[in-house]
Amino acid sequence: MAAVTMRLPQARGPVGAGAPRRAEKHLVAPGDTITTDTGYMRGHGTYVEDDKLIASVAGVVERVNKLVCVRALKARYNGEVGDIVVGRITEVQQKRWKVETNSRLDSVLLLSSINLPGGELRRRSAEDELAMRDYLQEGDLISAEVQSIFSDGAVSLHTRSLKYGKLAQGVLVQVSPSLVKRQKTHFHDLPCGASVILGNNGFIWIYPTPEQKEEEAGGFTTNLEPVPLSDREVISRLRNCIVALVTHKMMLFDTSILYCYEASLPHQIKDILKPEVMEEIILEARQRLLDLEG
């Protein structure tokens, strides 16, 4: 008979109450007046009424010279050229795939924007179009880069580099895009034995670090060999650590995830999601990040 864990509710204080605060960000709610100075330009998330610049969404006020905008705290992904995304194929159409990337509209991956198996660089023929479902089919997960933005806001993707392509075995975690920190690279091989792809769109892929890079297949081979138990445990621990970081609204990047992982090692994987254990782990990880910055 399976054991059942019973826990009594307890009062919880705010995490990091004793930690030093950085400069407070200017948070606004819809309808709040940002400024009455008519010299500012209206950006995203704002509107003008009675010579006042007013917030239309809840978020953080950002100023670039005279341009004022509000970055929403919770929003769908808005693509920017060069972003790394993880997405799921939802539809195969003529010369293109539709991809779910956590944005308002499905993203588009054109047949001409992928590497053919073998890394061939040539014009796409009718035979290639007929074989599209052999490359990618509904339900497949891919990593890609944002190539351009259409006029309606939809995102155009490409997988022309060998580091992009179909994703094989691993775990997908969906978080708010605002919690993924922008970095020079979003592909990280962590020293714990697993790798992560931190998609700018809030889709995070955790997978066992490959022993050797497959470069001759053009990103369309999938390794379906059984994953060892040790690798599965590392992936599960990383997944729970990311959930803990998201619960406490901490930014996700390679260092924060690694510090949280190391702080969780004294605890069992399933215990990481218990509120009191999660709080202890986050406090330790946050303190190490503050020491690193200091």
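Any Cβ shown, glycine's included, is placed from N, Cα and C.
As given in TrEMBL:
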type	residues	note
DOMAIN	82-160	domain 'S1 motif'
Averaged pLDDT score, the domain 'S1 motif' (82-160): 89
What DSSP reports for the domain 'S1 motif' (82-160) is 9 helix, 40 strand, 30 coil
